[in-house]
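Enquirer: Pulled from Swiss-Prot, these are the listed features:
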DOMAIN    33-82  domain 'Myosin N-terminal SH3-like'
DOMAIN    86-791  domain 'Myosin motor'
MOD_RES   Lys130  N6,N6,N6-trimethyllysine
BINDING   Gly179, Glu180, Ser181, Gly182, Ala183, Gly184, Lys185, Thr186  ATP binding site
REGION    667-689  region 'Actin-binding'
REGION    770-784  region 'Actin-binding'
DOMAIN    794-823  domain 'IQ'
COILED    857-1969  coiled coil
REGION    942-966  region 'Disordered'
REGION    1006-1029  region 'Disordered'
REGION    1131-1213  region 'Disordered'
COMPBIAS  1137-1164  compositional bias 'Basic and acidic residues'
COMPBIAS  1176-1197  compositional bias 'Basic and acidic residues'
REGION    1234-1255  region 'Disordered'
Amino acid sequence: MSGNPDAFENDPGFPFLGISREARAATAARPFDSKKNCWIPDPEDGFVAAEIQSTTGEQVTVVTVKGNQITVKKDQCQEMNPPKFDKTEDMANLTFLNEASVLGNLKDRYKDLMIYTYSGLFCVVINPYKRLPIYSESVIKHFMGKRRNEMPPHLFAVSDEAYRNMVQDKENQSMLITGESGAGKTENTKKVISYFAIVGATQAASGKEAKDGKKGGTLEEQIVQTNPVLEAFGNAKTVRNNNSSRFGKFIRTHFSGSGKLAGGDIEHYLLEKSRVVRQAPGERCYHIFYQIMSGNDPSLRGKLKLSNDITYYHFCSQAELTIEGMDDKEEMRLTQEAFDIMGFEDNETMDLYRSTAGIMHMGEMKFKQRPREEQAEPDGEEDALNAAAMLGIQAEEFLKALTKPRVRVGTEWVNKGQNLEQVNWAVSGLAKAIYARMFKWIITRCNKTLDAKEIERKHFIGVLDIAGFEIFDLNSFEQLWINFVNERLQQFFNHHMFVLEQEEYKREGIAWTFIDFGLDLQACIELIEKPLGIISILDEECIVPKATDMTYAQKLLDQHLGKHPNFQKPKPPKGKQGDAHFAIVHYAGTVRYNATNFLEKNKDPLNDTAVALLKHSTDNSLMLDIWQDYQTQEEAAEAAKAGQTAGGKRGKSSSFATVSMIYRESLNNLMNMLYQTHPHFIRCIIPNEKKASGVIDSALVLNQLTCNGVLEGIRICRKGFPNRMLYPDFKHRYAILAADAAKESDPKKASVGILDKISVDGNLTDEEFKVGETKIFFKAGVLAKLEDLRDEILSRIVTMFQSRIRSYLAKAEVRRRYEQQTGLLVVQRNVRAWCTLRTWEWFKLFGKVKPMLKAGKEQEAMGELAVKIQKLEEAVQRGEIARSQLESQVADLVEEKNALFLSLETEKANLADAEERNEKLNQLKATLESKLSDITGQLEDMQERNEDLARQKKKTDQELSDTKKHVQDLELSLRKAEQEKQSRDHNIRSLQDEMANQDEAVAKLNKEKKHQEESNRKLNEDLQSEEDKVNHLEKIRNKLEQQMDELEENIDREKRSRGDIEKAKRKVEGDLKVAQENIDEITKQKHDVETTLKRKEEDLHHTNAKLAENNSIIAKLQRLIKELTARNAELEEELEAERNSRQKSDRSRSEAERELEELTERLEQQGGATAAQLEANKKREAEIAKLRREKEEDSLNHETAISSLRKRHGDSVAELTEQLETLQKLKAKSEAEKSKLQRDLEESQHATDSEVRSRQDLEKALKTIEVQYSELQTKADEQSRQLQDFAALKNRLNNENSDLNRSLEEMDNQLNSLHRLKSTLQSQLDETRRNYDEESRERQALAATAKNLEHENTILREHLDEEAESKADLTRQISKLNAEIQQWKARFDSEGLNKLEEIEAAKKALQLKVQELTDTNEGLFAKIASQEKVRFKLMQDLDDAQSDVEKAAAQVAFYEKHRRQFESIIAEWKKKTDDLSSELDAAQRDNRQLSTDLFKAKTANDELAEYLDSTRRENKSLAQEVKDLTDQLGEGGRSVAELQKIVRKLEVEKEELQKALDEAEAALEAEEAKVLRAQIEVSQIRSEIEKRIQEKEEEFENTRRNHQRALESMQATLEAETKQKEEALRIKKKLESDINDLEIALDHANRAYADAQKTIKKYMETVQELQFQIEEEQRQKDEIREQFLASEKRNAILQSEKDELAQQAEAAERARRNAEAECIELREQNNDLNAHVSALTGQRRKLEGELLAAHAELEEIANELKNAVEQGQKASADAARLAEELRQEQEHSMHIERIRKGLELQIKEMQIRLDDAENAALKGGKKIIAQLEARIRAIEQELDGEQRRHQDTEKNWRKAERRVKEVEFQVVEEKKNEERLTELVDKLQCKLKIFKRQVEEAEEVAASNLNKYKVLTAQFEQAEERADIAENALSKMRNKIRASASMAPPDGFPMVPSASSALIRSSSNARFL
């Protein structure tokens, strides 16, 4: 936009259309470096802005705006435009036109809701999904009458431009609005129509008034109100759009000569009829069905018999029923209002509603199949009655027509029974047909209303609203036609775009070669519409009996596959894609089409009997109108009988019109209409699928830009000069680049001088810009280069300006200091003088006398003043005289002052501008400096953050190591605490005197030891689980590092590793916390036990209960640990999400520190508890000190037991220490693996770089070879062309020779009659030249449009071809005529004037012929009337054509000269030629055969050379790849010996292939040398043949013999070459069998080198990925192998431990047996003891009873002990149920303990009352009990040890199994990789076979070309024979001329060859050629 009016900037809609000056200036001042700023691909945003940091070879390291630093390939970077182009309004002005810049500009503008953007001729519109204030009347007023570049991009700007072009140029206009469904096409169409209605308003009511005066409206209202009517019947809800137009329309708004609105009309295309009977999920039928059912008019549904709910009617209730935000009731009111304004009568609208309701009733008609019959019958008639009533027909006849239609069999009409499927098809087809014809009637009725007959129509503006290009998962018949329409529209745009470009280049006087890009799409268009194309074959299949969709698809494949570049076999479906039968390469991409239902949709059959009923409807006049043009079979038969012309549309007896024919006819009409208009293009874009405002889906938008042709338009722009600037603008902006040259006042001269200066400096070349009349044109990217130069110069100027200012300020400061110094010196001098004089006496006297002297001197002063006054008066007088003189001078000077003032004001303005620019520069500098400082600060912050991250990582690693050390310290402290506890327990046990208390304390300590061992075991398990977690985390870290290697994000990798470590640390800390809690619980339990002991075991039972509760808590904790382990696995799966929560790591770390502090506090508390325990132990020791002496013997026994316990505890502690050391080793190993991975990463990077460099070298070598090959191919083609040109030249010369001979005969008879016709013939010649020029222009126009007219009919195409040939012959005849005229002139000058009457007759004949030629030309003009516009524009080619005519005349003169020479030669050697003609013919035939063989051999050799070259190149690269892949596969799944064997085999194969290649190359070189020799020999033979024609008979005979010998040698050479070729083919087959991976590269080499490069890159990346995966798998296998070996070693150790355990178990069983015997003995001893106690307590009956009870309880204990022993035996026999039986054993033991404690209490009570004897007896009994309990405890300890060892064994075994499973899983993965590679090889082999087939097809094409060459050679021979005949005729004519030299020619003899006869002769010659 060149400028925005200030008034418009205040409009509310301006922020959504344009950018303010301040915002644009701020954007332009943003820092930018064109060498660093770029776009790079991004998977989410499409492209993202980045800044280049460094470049290494083809790799570039960039930092994106997101802050990520990545490395990409250089060719992936796209240039970024300078900031001045940000949010540019016309993307064609972008200096770098690429996808990234276009997408970025659209995204930036759409963020500000600026939805309109220009792209050259396009106006791109993005759906805002919200209401914007940019369509108000105020906005319309701002755009009315404004040029496009004066206002921001808007639909109104394009509309107004179209309106002004129509009014000014008197030319019809068109606006093409395209886009996907939901892009806003319909809304923009309505806005355009409204704008035209307002602009061309007539302000007069043009609507047709009804009788009541209520119907109708103004013409403007009626044009606008067509939209509600069309939307009601033509719009529907789709998945992507709630109001989607399901038809295309072309709305023409007509205007009068003065620009007033004069009516309008509508044409529609491609209505989606299938929606009437079928809707997809998420969609619904057309709006009118739901508006009728909305209840807006309650009586309407009753009239239409729609009594049921909408869901009842199947045709319109298959999916959605309502639309969010749309009120069907209100929409019905608007539709009815639109009907009223449009002037529809009530009966017309009611018929429309009735027909619509009839379709709804038809959908509910039910039919059923008769049993055992192929006949359907009605299943209920209610809906049929309703449907028939609505359609105005009889229900019975309607049902009969559907179930038993009348068909013609021979000459009779019979009723044919229909099955159920056929009836349903007939109902659906009839419903669709009724709706389609009803819609067409509505269009016709609206056109009738909009026809304002009272206003004359002069011009129109058409608006095309049609669906854009569609690529769906399943593409069918509809998509084919939509895409074909868009293909034609895109071709129209390409052609129109470059026509405009060429016109502007010509206006500006720029040399330019026209390129018609419309021809780029011609191949695809011809594939679809040409004869034997897709549509032609479809129409043919529709009339072929028993044709199916599959036969149609197969015909397409047979006809076009491999023969047409735009036809392909579809690739297998991916994702949700459906099956496809063929694929077409459109301009927007390759589309896969499914041919299902193609035939049915194309035929669109109807039931003629039912249609006949509808044509005779009695109650619905609409049916009569819509079916009026339909001709049924019966009507056609009757018309045929009556001899009438069948004018119906369809009927089998009449012409059969398919849907494709109808579509093609309407499309051709549309294209013809568009070619007669000046088009304007609107492209609508969907921003996202979510209908969210301001959000851009980059991938979706890019796809639409491709489909809409925007990127295609940009591609075309780049071919020319897309950037252009006016001379004043260029001078104003870039004058700084060449200040001297810019001093010119003429902007053009100044601009040219600036460009010359830049070109001389080497910054620009002449090809990068062109100088026009008013503008300068630039290639893409040049303006960016100029901006860089301007920025550099500005930087230098600003720097110099700053230095000058600093210099000036420094000099001013120096001057100020100098002046200050001078003043100071004067003051100092005066002060020093005053200091000297102030003490001098004379000075004092002077000071006193000086005041007194003033009074005496006043008189003298007065005298002096009088003298001065006199002098002053004289001076005043003189001043008055001078003043009078000066006043006159002042008057003159005032005028000069005014003039100077004006110039001063101008200079001030310039100075103000300069100051303003200076100020802006300063602001810009300040802004840049501030941004630079900000960026520097950001860079420093980023560096600091990186350093902080590194420090945090180091700190985290240190914290982790500290944590592990702390864990080790905790373990040491735990062990110390355990040792201290054991020592305290030992002291307690050693000090216990009382037997019962000591036994109880020992049992308690054993239990506590068990608990402690259980906690240690849990801790060991936790440590083992942590080890497993660490291993698992190491694997995850390796995978993450692999991903980071692929993405080369080292920082993210470190962060993720840190996160993993942090997580592991938190897990370890959590587990430690759990373990610490367990320890705390145990400590509490221990404290409770000691309290219980201090209270003399009174609460022992309660304590045991608490212990049981604690056991349950421990079990719960174990379950919690398992749950946490499962949760850990889930968290590991969420590891990817943890990367986004890096900020939480600090908080987690602080929480971990707090937990460590809490852990430390708890440890301290534990230390306090230990101190309390010591105090309690001391008290307990004091209480039992008195019993120490009595228990010394028992203490010794207990000391032995305690020492064994201490030993076992020490073993457990040592085991824990060993496990901790193992963890440390694993950590060190993981660190070593990490460093190894780092080294591997660096090595892989180096390998990748070397691979890239080698690939670049290979690409360079490949390019060099291809250049060499292209040069050789060019040379070969040149030689072939020379051969062909020679043959054609000879043929043409012979033909022209014969023509000239005939002309010579005629001219010799009329030489004396041409002088008087000189002027007449000259004028006729000028007329003929004009006719020729016109025909030349017509030929060019016809050539440009022939592609668009080929679809009319076959006869017209043939006629056009003949006319083109006739025109070419006519051109040659005109050239000959010019030469003849020159000859006539010469002869006339020499021979004088004769035979005036004959000349007059010849003149008349010539005029008649000229008139015939003129009539022919006029016929051609009528045929190509559609190209008149192009023909007028090509008038400028007249001069070129004239020069061509002159050149042709010169060539004819040259040929005439040669003809005379040939005449002398022919006259001299005629006789000899006749004798030797047969021999010459034989020699020539042999020569032609030899040339054919040579050409064939050369072609085969070229193909073989190309194949061998590509084979050699690809063999080298692919052999290396095969070697690498084989090495990798060998490393992954084979042994070293197999790998070496494969390597040797591959090396042998490689050597064989290399030898074969060398042999093939040698053979190829030999063949090339032979071909060259053969060509040289052929050229020599030809030269010799031509020389022998002019030499004597003897030389001719020698030449013939030499030629014969040469032929024999060539024959031998050809036979040798044939053998060598067979050998080469054998080698080629061998190479094809050996190399299976060549197909992709070969296929791509045949198609395009660029595709080959992409494929090579793709496979190189694949190889790198496979190599990396195999290396990773190899490393994992090595680890697994090591782990497996270690597992085997551990299994061996476990096996030995198992054997030891078995031995221990046997020892335990023996001990149990001994214990059982001892129990028996103890029982007997107890019995004796009981008897003794009962004897001693005879005197105390009461105590005796109690003692007996105690003995009974002891017996019960013995029984329980026996049961416990049996349970132990069962536990050793059944290891699987050991844990459960152990718990049962523990429960029994606790029960025994409780019984024993009760007994001990009873014994204590008895001890008080028993005497010493009883105490002694009881002492003996207690000893026995103590021994028994000691044995029980020993057995329990052995059981516990065995259980722990068994658990350890099971745990190790589970670990080994897990690792074995991992190994098996990795082996399976390797097998899968091998299978994938095998599949890849199979695919390559299949493609190689396809390539072989293509090679064979190419050979067939070559053979056909050779056959054609042979045919041409035969024609050449015939031409020579005709030349002989012509020579004979010439001699005869000469004799005849001599005989009749003195005789006048007869009357009517044609003196001048007529143009038509010449045309016929040339046509015959052309056909002969």
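Yeah, the Cβs are placed from backbone N, Cα and C, and that goes for glycine too.
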Enquirer: Which residues of the same chain, at least 6 past either end of the domain 'IQ' (794-823), have a Cβ under 8 Å from a Cβ in it?
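Expert: Residues packing against the domain 'IQ' (794-823) from afar: 736, 921, 925.
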Enquirer: Kindly assign Ala183 (ATP binding site) to one of the three DSSP-derived states: helix, strand or coil.
Expert: coil
Enquirer: Other residues near the ATP site, CB within 8 A of the CB centroid of Gly179, Glu180, Ser181, Gly182, Ala183, Gly184, Lys185, Thr186?
Expert: Asn127, Asn241, Ser244, Gly468, Cys684, Ile686
Enquirer: Mind giving me a neighbour count for Thr186 (ATP binding site)? Other Cβ atoms within 10 Å of its Cβ, every protein chain shown.
Expert: 23
Enquirer: What counts of helix, strand and coil residues does DSSP assign across the region 'Actin-binding' (667-689)?
Expert: 9 helix, 8 strand, 6 coil
Enquirer: In whole Å, how far does the CA atom of Gly179 (ATP binding site) lie from that of the residue listed as 'N6,N6,N6-trimethyllysine'?
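Expert: Counting only the Cα atoms, the answer is 18 Å.
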Enquirer: If you count other Cβ atoms within 10 Å of each one's Cβ, which of the binding-site residues Gly179, Gly184 has the most?
Expert: Gly179
Enquirer: Counting Cβ neighbours within 10 Å across all chains shown, tell me which of the recorded positions Lys130, Lys185 comes out on top.
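Expert: It comes out as Lys185.
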Enquirer: Can you tell me how far the Cα of Gly182 (ATP binding site) sits from the Cα of the residue listed as 'N6,N6,N6-trimethyllysine', in Å?
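Expert: Just about 13 Å between their Cα atoms.
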Enquirer: By CA distance, which of the binding-site residues (Ser181, Ala183, Lys185) lies nearest to Lys130 (N6,N6,N6-trimethyllysine)?
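Expert: Nearest listed residue in space: Ala183.
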Enquirer: Would you count the other C-beta atoms found within 10 angstroms of the C-beta of Gly182 (ATP binding site) for me?
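Expert: I get 20 for this one.
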Enquirer: Drop a 10 Å sphere on every Cβ of the binding-site residues Glu180, Ser181, Ala183 and tell me which sphere holds the fewest other Cβ atoms.
Expert: Ser181
Enquirer: Provide the three-state DSSP residue tally for the domain 'Myosin N-terminal SH3-like' (33-82): helix first, then strand, then coil.
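Expert: Computed counts for the domain 'Myosin N-terminal SH3-like' (33-82) are 3 helix, 30 strand, 17 coil.
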Enquirer: So what's the mean pLDDT when you look at the domain 'Myosin N-terminal SH3-like' (33-82)?
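Expert: The predicted confidence over the domain 'Myosin N-terminal SH3-like' (33-82), as a mean pLDDT, is 89.
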Enquirer: As a quick check of your reading of DSSP, tell me how many residues in the domain 'IQ' (794-823) are helical, how many are strand and how many are coil.
Expert: 30 helix, 0 strand, 0 coil
Enquirer: Count up the helix, strand and coil residues in the region 'Actin-binding' (770-784) according to DSSP, in that order.
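Expert: Residue counts for the region 'Actin-binding' (770-784) by secondary structure: 3 helix, 6 strand, 6 coil.
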